[in-house]
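Copied from TrEMBL, the annotated features are:
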ACT_SITE  A:D240  active site
BINDING   A:H12, A:H14, A:K95, A:D240  Zn(2+) 1 binding site
BINDING   A:H14, A:L15, A:R16, A:N40, A:H134, A:H244, A:A256  substrate binding site
BINDING   A:K95, A:H134, A:H168  Zn(2+) 2 binding site
DOMAIN    A:10-255  domain 'Amidohydrolase-related'
MOD_RES   A:K95  N6-carboxylysine
2 protein chains.
Amino acid sequence: MSITLNSPLDMHLHLRDEEMLSVVGPLSSESFSGAIIMPNLVPPVSTKEGLLSYKERILKACKNDTFTPYMTLFFKPTYTKAFLASVKDELTAIKLYPAGITTNSEGGVSGFDVDELRPTLDAMSELEIPLCVHGETNGFVMDREAEFVSIYEMLATNFPKLKIIMEHITTKESVAALEKFDNLYATITLHHLFITLDDVAGGMLQPHLFCKPIAKRPEDRDALRKVALEGHPKVMFGSDSAPHPQHAKESCGCAAGVFTAPIALQVLTEFFVKYSTVEKLQDFVSNNARNIYSNIEIPNKTITLEEKEFTVPQKYADVVPMYAGEKLKYSITEIN
Amino acid sequence: MSITLNSPLDMHLHLRDEEMLSVVGPLSSESFSGAIIMPNLVPPVSTKEGLLSYKERILKACKNDTFTPYMTLFFKPTYTKAFLASVKDELTAIKLYPAGITTNSEGGVSGFDVDELRPTLDAMSELEIPLCVHGETNGFVMDREAEFVSIYEMLATNFPKLKIIMEHITTKESVAALEKFDNLYATITLHHLFITLDDVAGGMLQPHLFCKPIAKRPEDRDALRKVALEGHPKVMFGSDSAPHPQHAKESCGCAAGVFTAPIALQVLTEFFVKYSTVEKLQDFVSNNARNIYSNIEIPNKTITLEEKEFTVPQKYADVVPMYAGEKLKYSITEIN
C-alpha cells in the first residue's frame, strides 16, 4: 500500500544552530514543506536582525528549496506595535515561554500580568501575529500544564482576536480548553501520542524520552490521540523535535527533548492507517495548520510512504532519535 | 551541639556482592549497628546455603564486629514450613517482590492468590518470621504503590499474626494503611523524605535520584515526613541505599536506586534537629525497629554527630551518592 502526503508541516521544531543545525536541518527540510522554528537559541531570537540572520543560516543548512522555515521571535512584553509592524513580514508567530520553564527559556515571562502583556498582545492581535505558548507553571511537574490552563483562559478571554497556540499539549485538561475557546489551538508532538510517564520512568529511566512537558498519564495520552486521529481542525502536528548530543542526554542532569524529525512521518502513517485514515493524517500534518496559520505560504511537496520496513538509525551524527534501532513499518520511498 | 545516637539500624539495605559489597559494606557497618539485607542478588538468595554464604561474605567485607547483617530470603510461595523452620534461626525476615517490579526481582510473586500464598505465610506467622514487601503493582508508575494498598489489606486481614512491613513507602495512601491494620509496619528511606518527582524530572533529569518506588507528590512526601518526625512507633528508617556503578546510572536505561548509606545519619540529624527532636530520631533510626523486630540482637554502638560541615564526596569508588559534592551541616565525629 502506498500513501501520499501533500506538503507536510511541522508546526513546532527546534533546529538549533551551527553544527547541530547542519545535522538536523536537512532531516526536516527533506520531508517537510515547512516548519515553525523555535527561537530559544542562546541568546534567544528577539530582534529583526537576529531573526533574519537565523533564517539565512537555516536556509543555508537545509539546502532545499521546497522547505520554508516559519520564523518566530522569543516573546517579550517590551515589543512595541511599531517594532512588531516592522518585523511582521519576516515572521510567522511569536513564542512565549514562562521564565526558566524549559531549555534556554531564562528570559521568558514571569507572572502573567495582563496589564503588562496587553500592549504587545493587543498589537499582535491587530497585526494578526499568532502567539505560540509553552504552557507550564512552575508547579509540581505532573500538574504544570493543567495549572496553566487558567492562564490560557485569561489570555483567550482578554485577547479574543489573538490566535493562541497551546504548544505540545500533553493533558486532557488542555484538550478540554481547546473546545472551550474559539481562539485556542494546539500542537501535538509525535512522542506524546505514544509515551506516558511509564515509558520515561516506569521501567529503567529512559533519558531519550525525557522532555518538557513531561509525558503524562495514559488517560492524557488517550485524549491527545483522540483529537489527533479525528483530524480535529484546531489541532496541528508539531514535533517539538529537540536534538541534544548523546552525552547531554545520557548524563547527570539530562537535557529535555526527544528527537523525532526524521521518523515522524513514518510513525504517524502507521498510526493513522491503523486507527484512523490517511485523510485525517493529511489534516493533522498539513491542512489544519494551513487553515489556522492563514499567514503562511507552503511549498508543494509530495511524500510517498510505503509499507516497507525502516530500521531507525542508532544515531544521526551524535543525536539519538526516538525508536533508535527499532523497526518501523513504513518507509518514505519518494519525495517530489 | 553534639548529638548521640545509640545503635542506629538501617532496616532496608542493598549490599550487593563481590566488588560492590567490598565498597559499600564498610560504609554501612561503620555507622550502623545492623541492617536488614535485601536478598535480590542474581540469582536471589533463596536457600539456606545461599543465605549463610552471603552472610559470610558480608561479614568478611564489613570488617566490623559491631555490625550485624540481618539476613533475608527472597520470598517464594513454595517455601514449606519444614524449610522455614530449618532456616528460622539464620534469618530475620523474608522479602516479597512482585515479579519484575524492580532490580533483580524477576522471580517474584505474580498475582496475589491468597490460597497459593497461604501455606508459606501461615508458616511464617507461626514461626514469627516477618514479611517485608515491595508494594507496587505493575500499573501506571505514579499509582503503583497506592494500588498495592488493597494487597496489603488482603495480606493484613488474611494473616493477622504475620508482621508485614511495607517497605520504602512513598505515598499518603500507605501511611493511611499503616493506621488501619495492627500488623502493618513501614520503612521510610532517606531520599523519600527529601525528594519528589520534581527533583527527579522537574528540572533536568536526575538519574541519581531515580529509584523504585519513584518519588511521588509533595503531599505524599509531607505524609512520610510527618510520621517519621513524630517517631511513629510503626515506622522505621530503612535507607534502601542501592549502589550502582556511575555508568549504569548515567546512561540510556538508567538503573533504579539512590545511594545514601554513608550520608544518611548526617542528613537525618539535621532534619530532626530542625523539625523534631533527637529523641524522635532515636526512635526512627533504632528504637522502633527494636520493638517491631522482636527477633533481632543489636550490637551496642554510639554515634556522635556534631554541627560541623561535611562535604559529601563526589563518589565512593565508582558510586555517586545522593548530595554528591554538597555540604551537609552535621558530621559524624565519634563512633564507639
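Each residue, glycine too, has its Cβ placed from N, Cα and C.
Curation does not apply to TrEMBL; its annotations are automatic.
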| query | Minimum Cβ neighbour count within 10 Å among the binding-site residues A:L15, A:A256: which residue? | reply | A:A256
| Per DSSP, to which secondary structure element type does A:N40 (substrate binding site) belong, with helix, strand and coil as the options? | coil
| query | Excluding A:H12, A:H14, A:K95, A:D240, which residues of the same chain place their Cβ within 8 Å of the centroid of the Cβ atoms of the recorded Zn(2+) 1 site? | reply | A:L13, A:I36, A:M38, A:N40, A:C132, A:E167, A:H168, A:T187, A:G238, A:S239, A:A242
| said: For the C-alpha pair, I'd like the distance in angstrom between A:H134 (substrate binding site) and A:H168 (Zn(2+) 2 binding site), rounded off. | reply: 8
| query | Is any of the binding-site residues A:H12, A:K95, A:H244 near chain B, in the sense of a CB under 8 A from one of its CBs, and if so which? | reply | none
| Under 8 Å by Cβ from A:H14 (Zn(2+) 1 binding site), same chain, sequence gap 6 or more | A:I37, A:M38, A:N40, A:D240, A:S241, A:A242, A:P243, A:G257
| request: Take the C-alpha atoms of A:A256 (substrate binding site) and A:H12 (Zn(2+) 1 binding site) and report the distance between them in angstrom, rounded. | output: 15
| message | Rounded to a whole angstrom, what is the C-alpha distance between A:L15 (substrate binding site) and A:K95 (Zn(2+) 1 binding site)? | response | 15
| request: Specify the count of other C-beta atoms within 10 Å of the C-beta of A:H168 (Zn(2+) 2 binding site). | output: 28
